[in-house]
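K.L.:
Okay, so TrEMBL annotates it like this:
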- 344-456: domain '1,3-beta-glucan synthase component FKS1-like' (DOMAIN)
- 497-516: transmembrane segment (TRANSMEM)
- 536-555: transmembrane segment (TRANSMEM)
- 567-585: transmembrane segment (TRANSMEM)
- 597-618: transmembrane segment (TRANSMEM)
- 660-681: transmembrane segment (TRANSMEM)
- 725-747: transmembrane segment (TRANSMEM)
- 1470-1494: transmembrane segment (TRANSMEM)
- 1618-1636: transmembrane segment (TRANSMEM)
Amino acid sequence: MARAEANWERLVRAALRGERMGGAYGLPVSGIAGNVPSSLGNNTHIDEVLRAADEIQDEDPTVARILCEHAYTLAQNLDPNSEGRGVLQFKTGLMSVIRQKLAKREVGAIDRSQDIAKLQEFYKLYREKHKVDELCDDEMKLRESAVFSGNLGELERKTLKRKKVLATLKVLWSVIEDITREISPEDAEKLISEEMKRVMQKDAARTEDVVAYNIIPLDALSTTNAIVTFPEVRAAISALQYHRDLPRLPDTISVPDARNSDMLDLLHCVFGFQKGNVSNQREHIVHLLANEQSRLGKLPGNEPKIDEGAVHVVFSKSLDNYMKWCNYLPLRPVWNNTELLTKEKKLLYVCLYYLIWGEAANVRFLPEGLCYIFHHLARELEEIMRKHTAEPAESCISNDGVSFLDQVISPLYEIIAAEAANNDNGRAGHSAWRNYDDFNEFFWSLKCFQLGWPWKLSNPFFSKPSKKEQGLLGRKHHYGKTSFVEHRTFLHLYHSFHRLWMFLIMMFQGLTIIAFNNGSFDTNTALQLLSLGPTYVVMEFIESILDILMMYGAYSTSRGSAITRVIWRFCWFTVASLVICYLYIKALQGGTQSAIFKIYVFVISAYAGVQIIISLLMSIPCCRGFTNACYRWPVVRLAKWLHQEHNYVGRGLHEKPLDYIKYVAFWLVILAAKFSFTYFLQIRPLVKPTRTIISFRGLQYQWHDFVSKNNHNALTILSLWAPVVSIYLLDIHVFYTIMSAIVGFLLGARDRLGEIRSVEAVHRFFERFPEAFMDKLHVAVPKRKQLLSSGQHAELNKFDASRFAPFWNEIVRNLREEDYINNTELDLLLMPKNNGDLPIVQWPLFLLASKVFLAKDIAVDCNDSQDELWLRISKDEYMQYAVEECFHSIYYVLTSILDKEGHLWVQRIFSGIRESISKKNIQSDIHFSKLPNVIAKLVAVAGILKETESADMKKGAVNAIQDLYEVVHHEVLSVDMSGNIEDWSQINRARAEGRLFNNLKWPNDPGLKDLIKRLHSLLTIKESAANVPQNLEASRRLEFFTNSLFMRMPLARPVSEMLSFSVFTPYYSETVLYSIAELQKRNEDGITTLFYLQKIYPDEWKNFLTRINRDENAADSELFSSSNDILELRLWASYRGQTLARTVRGMMYYRKALMLQSYLERMQSEDLESPSGMAGLAEAHFEYSPEARAHADLKFTYVVTCQIYGIQKGEGKPEAADIALLMQRNEALRIAYIDVVESVKNGKPSTEFFSKLVKADIHGKDKEIYSIKLPGNPKLGEGKPENQNHAVIFTRGNAVQTIDMNQDNYFEEALKMRNLLEEFSKDHGKFKPSILGVREHVFTGSVSSLASFMSNQETSFVTLGQRVLSNPLKVRMHYGHPDVFDRVFHITRGGISKASRIINISEDIFAGFNSTLRQGNITHHEYIQVGKGRDVGLNQIALFEGKVAGGNGEQVLSRDIYRIGQLFDFFRMLSFYVTTIGFYFCTMLTVLTVYIFLYGKTYLALSGVGESIQNRADILGNAALSAALNTQFLFQIGVFTAIPMILGLILEAGVLTAFVTFITMQFQLCSVFFTFSLGTRTHYFGRTILHGGAKYRATGRGFVVRHIKFAENYRLYSRSHFVKGMEVAVLLVIFLAYGFNNGGAIGYILLSISSWFMALSWLFAPYIFNPSGFEWQKVVEDFRDWTNWLFYRGGIGVKGEESWEAWWDEELAHIHTFRGRILETLLSLRFFIFQFGVVYHMDASEPSTALMMVETREFDKEKVKAYL
């Protein structure tokens, strides 16, 4: 029994401390204290009490028991009935702990007085044990001196200890206070003395983090956070404080003692904003104001006041969208005149807006809806401001008090949620429900004011849709969509880009007319060309019809002007098309001399002239500016109204004249090439064959022909021309690809990309890096300007090197921490501080390694003059530097350690050498053949001096120097003593007496010791370091960083003045850290992920083992003996995968870089610009500097929005523990998540949702910072944008960088972030930049051949491709890459993504659309890069491309594409088309062209007409006709898409590397992969537009170390590749069997090789790129698994992975609708040609082409079957 009790005791202790048995090593603990249910309202305090109990358990179990009992009491008071989710389990567990371990007391009533006395006694003992007063005093002293004494690490440790001790004391004091309330006041006074109470209160006042804060401690005092001492922060806080113009706050409003009441307290009182929201926005606004103030300069005085300019900037940016909305409606803003607004009034409006935005939840996707709310709340606020005392606003008064959320946001949320619920999880048509855009666009007209204020919930706008009924009728009640309806049809392609299709069709018509007139321009040609008039108006008429059809479903809610415009355009083009077509027909009948012809020409000319003038006025920038200025004229307004839609977004989408000229010129070249190709190589060669075929009569058909025989062989003509037309429509993308590749290559060369592309180049140009670094990445230093102006180049070079060295060394150290380099390479790469007395620049050893020995060999072998010798050495600059440094270092070291005569001897020797050099007698005075002896002696001296001082070492050093003396005097140097007889006499006398070197001073100075070690290395390293660093990734990073120093970028501003920014990463349930189980899990071949990583990163694995002090050959099992090594192993593996840990580590480099930059800048600002003042900076622990950390925190915030982190914690998922570990390791990391609280209210289950922000506290546990209740489930649309939206309120700063959780960052790139942010203030066109594009490096390229293909393809797009999109084309969007957003611009305009279900599945690009439509400007910059992971397996890649292609299919239907396609000028619209949906449409056309070509050939073969025409052509000798019939279809878009990749490789890697890489890719079958991808994109793009079905497809992003079974490949590729590939193969076989080809086998091969390649690629690529794809045993197992899957019956709950029947039902889900069945039936009719043609070629009956033969032969087959 005792043993059982002891075991139970240990179990309870483990539960209390969170030491979970069997848990993974390295995970943070989270025992009972970490499992407090979130449904307990005050769970934070309970958690703190239990944490304190855990900590003091060993010191005093009785006190721990009292604390646990108190925690139980708190839980019981908060939820007495245990209705909340998890509360009952928590209470039961806590009570079990108390009873079994801690509650060993006598049964009876609890005597609280004893508990109080015990707590008080323990408080005293605990306080004395930890010496609290002494601890606080020591910390204060260190804080005052640590910056200059270098004791920053000690300060950090003292601060952390003080926080932990005081936090525990604070809990004890709070528990004492709570228990005291349970007894009478008289008894309480007796138990607690006044002195003890004062001590406790004093300690409580010292406690920090009592009130959790994010960045700036506003509600609690802080002595450790230096951020509150910054003048700009103090000024911002002061600006928000209460002033006399505000009404008095009611007495019920409480304000923390740490601060004064402010404007946000007033708004909280009036409108009932949540406390969490108010606290969050208080810090947000202070942060914005402080950063804007810092840009204007430092504030003077002890009580700084915010500058009016800073307030105005924040006001104008924050409320810019509101002011534009008011101007558009039109509507007078709340204020009459912005100029008359006071600073305080501006801040009040800013506070109101951000409080609305912070609590709006999903309504944040309605930016103009927020403007409507702000407008009315601001008016209410104006009324309340006139009163003496603040009163609640009428619109926010509810039954439970004042609540903005319940009264304002919830009604709007509920209708949005009701509509979202009606989309049938994305399966319903977009036209059947209102999405976010529909709701938002309702507020684009004055009709929105019908909603009233407070909301009129009876308005139809708030009517919730009812569910669909059976039958043809839809919903009973449906409030229509707004402005636009996303009907699912391919017609959107024409509707959105009708100008493009009109242009292409009319150009094709015109070129065809010219070709059929043999290129002559006579009267007949002109008459035929006039047919372009009817073509134009008919196509405009079609567009007007589509306008009417596409708007169906939105007529009831659209603006009257929009409906009138649609109807007016339809009527106008109906009349115009009828009139012009009639006139043209009559003109043809009457001839060119008729009056009707002249009327027609006049009408066409007039119409064309008006259209051209309007187009010019609307397109050319200068003309457009004129029309905008004349917008008040009715004629201009009418013309613009007819020409373009007029919406709130999309106005003013034109660029500067120079930008316009550039992209027009770009497209003129493309169009000239395209139409030349079309005319000379496509149309003209078919003119003569077409005429010949039309003229043929009586062609022999081998089947019953319906159309061609008596209609000039129409189908034959169609089979010839259809591929030409298809290629004509898609080759615009091919020519764009070629042109953009060339232009991108030239732009990259202009920007100096690829100048440093090898380690050898890094070595060669290294001496230029310090100067370039100082020019670009370092703030201006006055001393440097003085040196530059005075021409002191040597001093300037040394000064630059001393400033460059700390940054370079930190870069190198980070490479070592990441295991890319080993310790030897680290020592070689480190750069000396250059802060000593040496008169030269000391370069890193990797530049100087072995140079001394090479110079020695040259000197020994050289018999020439001194000048010739020095010239040979100086040819290698680094050899010269090595020789000079050795010379100066030897002198400096010897003079530093020797005294008196020894010191004098060194001076005389070196002065003699200098004199010999000046007289050019060095060859005669020094015997260079003996140099090796000197070097050997110097090595001995340096080798001893670099060790620790001891008597033996000192004696050895003296002997070594004496040996050096002997060699120098007797072997090497011919000493002339005549000039300094007295000195030499003194030296010789000391030598004779044996005291010449006895007074040796041991080099204990760190700087001197480093110099001696470096000298020893210079004299001993014989191997060349030309290939250092050897690791390819380390080399690539250093090459890119050093190359970027010579690229154009804005100058850096000091950290204190830079723009602030946030990094924002959405996370759901992906891998955070690889667990040991995942790393050791074996696949079917026995391969583990860890083994795989060791093989593909062998050098990094060795470096890792060295770093953790393990042998390089250590077995994996040896690492498992240490928990620290296990954690390091997990991190090492995770940093090489696509994990959240890798992303967090990379993004936190921003903070590290800012801390280093801020620390060094502060040193300079303290007048420490002398070399000695910079001593030790590189080695200092800058991370511990309070000021540096405060500046970094003010400028940088990192928020990871882990949507289901709360659920993961509750379920004990390892992901939650790993995320908590990341928070512990990164103090600035913030985690936002959605907390789901389930409880029972009024007997009914209730679910509430909260948006929370947490950080790690000093004990490593989650500490809640903000908690904001949401109106309901935030996931109404797509998951990722909804996840971003709920957490975007926790971001800070002027900018926000969106980072996916499979990205990475590098320290050296983080140094350039402040340069990048300055781009927001640079001129990049008509509009200021709203999104800064950033270059990416795909780091998964080395994982596999497929990963390499994806890496090269992606790199081409994110570099060369986006370079051209940004400039000159001005159509770059946001592609889900690490772009930097103008944060305030976007959060006030709907956010950084769109979230409507399915239509916005490619959510990121819609941020770019939205930014462009709202007059933003998206740029691209390549001097900075961010890492990015891509999918590495074929199935992963296919799923990813399927998602993207499906997303593009949905984009076709979207209003954003339509508006941009309509509102861009023509040439910019061309750019937009070919770079967005045009790419996927042309990809689909490429595949369709193969089909068209093959079906045409099949028709010619099966009908027999091909053979008949060929025979006639041979008889007539018609070579043109024969060539037309035997056209070789070798056109493949993949060939041309390789051009950007090749040119990009040439630019950045060199011609030879590019050639080798490309050839290697061909041997790796990259063409097969890209052809396979062609089918993936085509299938998902076309299927999405026709049937829908786009969805997020999780790819896993893991390493592919397993064989994919055939059944899995079959399920994934059956419909998209296998069926279509087989169809192409059958067509080719039929053409081979029945076709006629006078070229024989060679002709057939040339004719069909590209089609065969596509078919075979689609059929066999999944096996070629499958590990062990052709291994026989795997094939057998796959076949067995496939057959089991085929024969397993489906049923309810059976998934497609388990049964063919269930999979087939899922595959046919898209044709369960009537529309789907019709479309699939029509597409399937193409197979009829097989049966219809093949039957006629069977020899079952006599030859006949009668239609009844098909039925007869079928009847014959039936008779044969019956007979058998």
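Residue 1 is the first one shown; counting continues down the chain.
Each residue, glycine too, has its Cβ placed from N, Cα and C.
Please treat TrEMBL annotations as automatic predictions, because they have not gone through curation.
I'd like these features described in context: how deep, what's nearby, how far apart.
P.N.:
Remote same-chain residues near the transmembrane segment (660-681) are listed as 507-508, 511, 514-515, 620-621, 654, 728, 731-732, 735-736, 739, 743, 1367-1370, 1465, 1467-1468, 1470-1471 (criterion: CB distance under 8 Å, separation of at least six residues from the stretch ends).
Nonlocal intrachain contacts for the transmembrane segment (725-747), taken as residues 6+ away from its ends with a CB within less than 8 angstroms of a stretch CB, comprise 504, 508, 666, 669-670, 673-674, 677-678, 682, 1359-1361, 1363-1364, 1367-1368, 1470, 1474-1475, 1478-1479, 1481-1482, 1485-1486, 1488-1489, 1492, 1531, 1533, 1536-1537, 1539-1540, 1543-1544, 1546-1547.
Beyond its flanks by at least six residues, the transmembrane segment (1470-1494) meets 493, 497, 500, 663, 666-667, 722-723, 726-727, 729-730, 732-734, 736, 1361, 1365, 1369-1371, 1373, 1405, 1445, 1448-1449, 1451-1452, 1457, 1460-1461, 1464, 1529, 1531-1533, 1574-1575, 1577-1578, 1581-1582, 1620, 1624, 1627-1628, 1631, 1650-1651, 1654 of its own chain at Cβ-Cβ distances under 8 Å.
With a threshold of 8 Å between CB atoms, the same-chain residues lying at least 6 positions outside the transmembrane segment (1618-1636) that come near it are 1487, 1490-1491, 1494-1495, 1497-1498, 1500-1502, 1506-1507, 1510, 1575, 1579, 1610, 1644, 1648, 1651-1652, 1654-1659, 1730, 1733-1734, 1737.
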K.L.:
Can you tell me how the residues of the domain '1,3-beta-glucan synthase component FKS1-like' (344-456) break down into helix, strand and coil by DSSP?
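P.N.:
Taking each residue of the domain '1,3-beta-glucan synthase component FKS1-like' (344-456) in turn, the totals are 79 helix, 5 strand, 29 coil.
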K.L.:
Near the transmembrane segment (567-585), which residues from the same chain, at least 6 beyond its ends, have a CB less than 8 A from one of its CBs?
P.N.:
530-531, 533-534, 537-538, 540-541, 543-545, 547-548, 596, 599-600, 603-604, 607, 642
K.L.:
For the domain '1,3-beta-glucan synthase component FKS1-like' (344-456), what's the model's average pLDDT?
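P.N.:
Mean model confidence (pLDDT) across the domain '1,3-beta-glucan synthase component FKS1-like' (344-456) is 93.
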